[in-house]
């Protein structure tokens, strides 16, 4: 069975592949491969979100790495993009994030970054997977003198906060702004509120008391209802919501409207173009990005390139084409001038700076950006359904979608989720009634085939 998915290793804790045994062997395999390539003892940094299972996985990875002669640097709860930054800042050889992002607390995962701050290549993931599954690995283990050590790094959050502040123009601040923040009881529960406070904003924080099981629970980027309520009640200028590992951000304007990644990407693109900093006047988005946004950017002289869903594909296209801005509707925004991955706190601060600089309310920044009606349905795949049958269901649904599209002024996207056992159906159409009818029809067909 395949261990690595589209975004590292992920699954329900204590169920394959998210078991202590697999994590131990993953740590051993990573360290072994690094030792073959490096002239020195491997140094590997480990960060995590706030899930209770993070302790289990952190201990297993640390044991695996140190048993193979590598040193481990433990930074505790910290956003995924902070690990990408710290890997470069601390000159270590690799970084590991223990997180299942927006998934419930019962899930967890492992993402690995190489020493340049980019996610591991598929080739290296395959090499690690082969060693995990190799019963004869490791044939030789280090002697007692060659074992690694584990160190706890106390100032990691402070380093990351100072880095984010450095992305703003010198002497700039956010004084005069009132900002509501929902870190989803996740990895940024201290960082984003502290960051905005140090920049001079008035900060109201909710869902910032993680207990190991409340991460993403009816809060954060996927459940913005409580943030909408607090923004309205406190008359905040806007609200910020992250997911569990804070690699994404969505905003809420002062009227309580959700400002997703499509809007954020558009505002950032226009601002960069105005400052002549948008490379090749191009942004990279995914197939999920709204057609209305694409048309709006086109009229503004900005080209959009689409990729498959997943920030790794956005990053790949950005590197290939030499672009510096990309993102997803879900709120993964990659500002390549500062970071190599989706970074929720950086996105939030950059947007706050634009709002203050232009002296506009967020609602005014988005009011002219058109959106075609769009709806998404997630169809759960039965646990024991073979992969071939899932592929067959998607194929038949896609054929049905092609027929339905002939009578639409829009599009249909059907794809398997890369992180959960679900089929995702997205329908976009200028006519909201037709959109609902098409979505209901496809859902009925999918449920019939999966029952």
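Each Cβ is built from the backbone N, Cα and C atoms, and glycine gets one as well.
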Which one of 101, 106, 114, 398 goes with 243, 245, 247 at the Mg(2+) site, as Swiss-Prot has it? 101
Near the Cβ of residue 245 (Mg(2+) binding site), how many other Cβ atoms are there if near means within 10 Å? 35
Counting across all protein chains present, how many other Cβ atoms fall within 10 Å of the Cβ of residue 247 (Mg(2+) binding site)? 35
Do any residues at least six apart in sequence from residue 243 (Mg(2+) binding site), in the same chain, have a Cβ closer than 8 Å to its Cβ, and if so which, in order? 101, 102, 184, 186, 216, 220, 221, 222, 331, 344
